[in-house]
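The annotation ATP binding site is assigned in TrEMBL to Phe10, Ser11, Gly12, Gly13, Gln14, Asp15, Ser16, Thr17, Thr18, Cys19, Leu20. The Zn(2+) binding site annotation in TrEMBL covers Cys187, Cys196, Cys199, Cys202.
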Amino acid sequence: MKKDKAVVVFSGGQDSTTCLFWALEQFKEVEAVTFDYNQRHRLEIDCARNITQELNVKHHILDMSLLNQLAPNALTRDDIPVLDGEEGELPSTFVPGRNLLFLSFAGILARGIGAKHIVTGVCETDFSGYPDCRDMFIKSLNVTLNLSMDENLVIHTPLMWLNKAETWEMADSLQAFDFVREKTLTCYNGIIADGCGECPACKLRENGLNEYLASKGEL
Ligand code: ZN
């Protein structure tokens, strides 16, 4: 039997779209929340909106421009280049406190709409060094959220221990492989589907896709 209601933290990218399909299979009712923090590419918000409309999922867009005001970074500012972190440094795409804030607001939203479940596509396997994608952080925040509101919310992280190839496999098992491949936006240069092929996000996505297709003998 399907569990009741969930909120999916949704960016319109590969991971959160796969999570949205996962949630639609797991829960009776699903709503999505997208955070607007002046992402470089407004297209990300449009992409998220289009996907939720197509899947007939209620979509909340919350203004989080405060995050950019406090911590400008490569995802929000054209003059900060996208760079991988070197020798233990965090990459320039790291937004301090992002998941702390997003999941806290998702928790408040969940309480407001009577949802007991929150789904997020964070992943420790390919986490690029982001500390707020780690399982320990999510578990800690889950406890804190419940203590703060006297609730019993559960944060689900279906991708936590998957690599990118396994995330493609999950999309495929949810009959969402083509949808995720054609309609999601992962690329830091704002190019939908297979992307620019050059940026770190595209490379990660493409490597995972190729690994998955090779494992099925389709490459
Ligand atoms: Zn790209």
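Keep in mind that glycine also has a Cβ here, set from the backbone N, Cα and C atoms.
Curation plays no part in TrEMBL annotations; they are all automatic predictions.
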Practice prompt. List the binding-site residues Gln14, Thr18, Cys196 whose Cβ sits under 6 Å from any atom of ligand 1, in sequence order.
Written response: Cys196
Item to complete: Express the distance between the Cα positions of Cys202 (Zn(2+) binding site) and Gln14 (ATP binding site) as a whole number of Å.
Response: 11
Practice prompt. List the other residues in this chain whose Cβ sits within 8 Å of the Cβ centroid of the ATP site residues Phe10, Ser11, Gly12, Gly13, Gln14, Asp15, Ser16, Thr17, Thr18, Cys19, Leu20, in sequence order.
Written response: Val8, Gly121, Val180, Thr184
Worksheet entry | Gln14 (ATP binding site), number of other Cβ atoms within 10 Å | 26
Discussion item. Distance check, please: Cα of Cys187 (Zn(2+) binding site) against Cα of Ser16 (ATP binding site), rounded to an integer number of angstrom.
Written reply: 14
Discussion item. I'd like to confirm something. Which of the binding-site residues, Phe10, Gly12, Thr18, has a Cα closest to the Cα of Cys196 (Zn(2+) binding site)?
Written reply: Gly12
Discussion item. I want to verify one value. Collapsing DSSP to three states, which class is Cys187 (Zn(2+) binding site)?
Written reply: coil
